Amino acid sequence: MLRLGSHVSMSGKKMLLGASEEAASYGSNTFMIYTGAPQNTRRKPIEELNIEAGLEHMKAHDMDDIVVHAPYIINIGNSVKPETFELGVNFLQSEIERTRALGAKQIVLHPGAHVGEGADKGIKQIIQGLNEALIHDQDVQIALETMAGKGSECGRTFEELAQIIDGVTHNELLSVTFDTCHTHDAGYDIVNDFDGVLNEFDKIIGIDRLKVLHINDSKNERGAHKDRHANIGFGHIGFDALHYVVHHPQLANVPKILETPYVGEDKASKKAPYKWEIAMLKNGEFDPDLLNKIQNS
């Protein structure tokens, strides 16, 4: 079954219920949330996340397999500032608890940045952080994200992700989030040879670890190492390639999450594109006038 949705907001009093309602309004059957603002570590207690009402709404709308995204502020690749590393480990442990309470099985994590110390040192630090954060009997997996290679990011190649996975003691608790924009920006040819890229992923990491897909177009050419998302069909990856990924038979049961930009010039009146992009990916026909339609809706 095609599992297709987007990033949605979990905020206010409704929390999980509000997230599920937003996802349903887009025609989604899965979604991704941050448990609070992605740029900080302030979080509500689990009992204020309105989980019961949210799960009821999800069940009524045939939504499951939701995904949590850890905040950007976590950097367990930092070997320069011990306090940043410790904050990352401790916060990751508390995020695992929140993810479990929400009924999600995957928590997406940007592996970390080496902050100028070199990839090998960064990867070693990430391994240490994951070994400290993971508890062998937890039922939540950390889904390490494929990165674009911007700045000092680790995880820009399948080999780097495999190195992290191999170094972690309880690596059965690790999975991978495959981001189409990041992978394209890192230099992989998902436009002309997605099957070849997937085979390479399978050989180096193992396709059974691919548990989340982020479906994004890219504002940059392949290999740019930039990480700037574009709306579906309006970037350098293009609609046909992304439609192929979304409907790939080997990835049928993997939740596919859109993180494309809101549409509009004015920040106050920007509109979420997800209802339209999801419909377009389902029906298989690219609409070159889509952005105008969203703006005028």
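Glycine is treated like the rest: Cβ placed from N, Cα and C.
Here is what Swiss-Prot records for this protein:
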{"type": "BINDING", "residues": "HIS69, HIS110, GLU145", "note": "Zn(2+) 1 binding site"}
{"type": "BINDING", "residues": "GLU145, ASP179, HIS214, GLU259", "note": "Zn(2+) 2 binding site"}
{"type": "BINDING", "residues": "HIS182, ASP227, HIS229", "note": "Zn(2+) 3 binding site"}
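Known features from Swiss-Prot, placed on the structure.
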| residue | record | Cβ within 10 Å |
| --- | --- | --- |
| HIS69 | Zn(2+) 1 binding site | 25 |
| HIS110 | Zn(2+) 1 binding site | 23 |
| GLU145 | Zn(2+) 1 binding site | 23 |
| ASP179 | Zn(2+) 2 binding site | 26 |
| HIS182 | Zn(2+) 3 binding site | 27 |
| HIS214 | Zn(2+) 2 binding site | 26 |
| ASP227 | Zn(2+) 3 binding site | 21 |
| HIS229 | Zn(2+) 3 binding site | 22 |
| GLU259 | Zn(2+) 2 binding site | 16 |
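Here ASP227 (Zn(2+) 3 binding site) is positioned 12 angstrom away from GLU145 (Zn(2+) 1 binding site), judged by their C-alpha atoms. Geometry remark: GLU259 (Zn(2+) 2 binding site) versus HIS182 (Zn(2+) 3 binding site), CA distance 12 Å.
Shown in sequence order, ALA148, ASP179, CYS181, ASP185, ASN216, SER218, LYS226, ARG228 are the same-chain residues outside HIS182, ASP227, HIS229 whose Cβ sits within 8 Å of the Cβ centre of the Zn(2+) 3 site. Separating the Cα atoms of ASP179 (Zn(2+) 2 binding site) and HIS110 (Zn(2+) 1 binding site) is a whole-number distance of 11 Å.
Listed in chain order, the residues near the Zn(2+) 1 site other than HIS69, HIS110, GLU145 are ALA70, TYR72, VAL108, LEU109, ALA143, LEU144, THR177, ASP179, each with its Cβ within 8 Å of the site Cβ centroid.
ASP227 (Zn(2+) 3 binding site) falls within neither a helix nor a strand when secondary structure is assigned with DSSP, and so counts as coil. Spacing of HIS182 (Zn(2+) 3 binding site) relative to HIS110 (Zn(2+) 1 binding site) is 11 Å (Cα to Cα, whole number).
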